[in-house]
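What TrEMBL records for this protein:
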DOMAIN    2-81  domain 'Trans-2-enoyl-CoA reductase-like NAD(P)H binding'
BINDING   48-53, 75-76, 112-113, 141-142, Lys246, 275-277  NAD(+) binding site
SITE      Glu76  site 'Plays an important role in discriminating NADH against NADPH'
DOMAIN    84-319  domain 'Trans-2-enoyl-CoA reductase catalytic'
BINDING   Tyr227  substrate binding site
ACT_SITE  Tyr237  active site, proton donor
DOMAIN    327-390  domain 'Enoyl reductase FAD binding'
Amino acid sequence: MIIEPVVKGVVARSAHPFGCQQAIRNQINYVRTADPVTDGPKKVLVLGASSGFGLASRISLAFGGSMADTIGISFERGPSEKGVGTAGWYNNIFFREEAEKAGLIGKNFIGDAFSPQMRQQVIEYIKTEFGGQLDLVVYSLATGVRPNPETGELWRSSIKTMGEPVTGPTINIETDTMEQMTIGTATPEEVEDTEKVMGGEDWASWIDMLSEAGVLATGCKTVAYSYVGPKATYPIYHQGTLGRAKAHLHATADQLNEQMSEMGGEAYVSVCKALVTKASVFIPAFSPYILALFKVMKDKGVHEGCIEQMQRLYAQRLYGKDKIVPVDDNRLIRVDDWELEDDIQQQVSELMVKITPENFTTMGDYQGYKTDFMQLNGFDLEGVDYQADISFETLTQLVA
Ligand code: NAI
Ligand code: NA
């Protein structure tokens, strides 16, 4: 079969396995020549390792100087009657292959990170096959649902405001159109549920469990990712349900930091740049901002993708030269510093008001936005034979 891109709205319904392989290789090549992570961690667990920031973290820590063995947990689907499977499925496979070629462990666990069974399996593996202890735990899950560990009932996150409803344009990648969309005001229950899904509770429970199992090494660090953004996007993000959940995540970092300090450990949240990922394309009314931001940052030569962000985080912040992790007044690591520079934001806000449904494909960086989206799913990458006839057997023989 010839594997073609299929997009529904902002969701990819197909993925190109060998394009995903190429994307992994491109990221590895980048970190191999970038400012390296020195004195970094050797044994790393990444929750949410198959795409976006989690995958970039894993690549940075394995190939960007630290030579870390990694365990990656993710929720992905392999080939079946339903289709070729998800991009993350292939990312896991090809990451592991490249890691093994470099003499590193790249163990994949595919399944629900919230389930007790997954936790037990991972602990068992750390104890029996991974050397017994972790130096770093990266928490990079992004999801819309989380089961209540007590009852199994599902909490669902919603992307809503906490004040007035906001109407703004959002991109439909399938049709290359910009459509008006209104984000309503969250109910108190929706606010709470979003905090349950995207706040810090599950992160803390993982750290507690790993700590009780005795698999956190002395000096172990943990990091989770957040977004803040400029004032213009506060109503839809920072001061909305997602921002509220992130505030909970930030508070969790402080709590974990105190807990972990007893064994010389540290916990942080890193605030990252707005980027195109499987998760972020869902945020309504956010796309004009991203289109303007990409354009301005590329013009200025300071644009970064997930991999550049993560390499900078690990090489210069979490394992930086002066051993003390630089943080802001709220104890947050800021790798969104370039995004938020005054002159960048000045130009972004000037450009944003000019972007309309008629001109967005040229006025903003829609080309870059769409290419990023396609590449997340293994399409539009140079050096991949998209006409190749790929058999289903070839795909089912690839193992996670
Ligand atoms: P993503 O969608 O690319 O990755 C999410 C990962 O979580 C995938 O590996 C997925 O398989 C895994 N996952 C989801 N549910 C799971 C489950 N039940 N069990 C196991 N694995 C599961 O998302 P992205 O954008 O990389 O997000 C990661 C973090 O970075 C999030 O906390 C997000 O808020 C944050 N962030 C994202 C920004 C962006 O612009 N994309 C900006 C700043 C922070
Ligand atoms: Na270092």
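Each residue, glycine too, has its Cβ placed from N, Cα and C.
Nobody curates TrEMBL annotations by hand; they come from automatic prediction.
Neighbour counts were taken at the CB atom with a 10 A radius for the recorded positions Phe75, Tyr227, Tyr237; the maximum falls on Tyr237. Selection of the recorded positions Tyr237, Lys246, Val276 by a Cβ distance under 6 Å from ligand 1 yields an empty set. Checking the binding-site residues (Phe75, Asp112, Tyr227, Val276) against Tyr237 (active site, proton donor) with a 10 Å Cα-Cα cut-off leaves Tyr227. As a summary of secondary structure, the domain 'Enoyl reductase FAD binding' (327-390) carries 26 helix, 2 strand, 36 coil according to DSSP. Taking the residue listed as 'substrate binding site' as the reference point, the recorded positions whose C-alpha atoms are within 10 Å of its C-alpha, out of Gly52, Glu76, Leu141, Lys246, Val276, are Lys246. As a summary of secondary structure, the domain 'Trans-2-enoyl-CoA reductase-like NAD(P)H binding' (2-81) carries 29 helix, 16 strand, 35 coil according to DSSP. Only Ser50, Asp112, from the binding-site residues Ser50, Gly52, Asp112, Leu141, Lys246, place their Cα within 10 Å of the Cα belonging to Glu76 (site 'Plays an important role in discriminating NADH against NADPH'). Look at Lys246 (NAD(+) binding site): DSSP puts it in a helix. The average pLDDT computed over the domain 'Trans-2-enoyl-CoA reductase-like NAD(P)H binding' (2-81) stands at 97.
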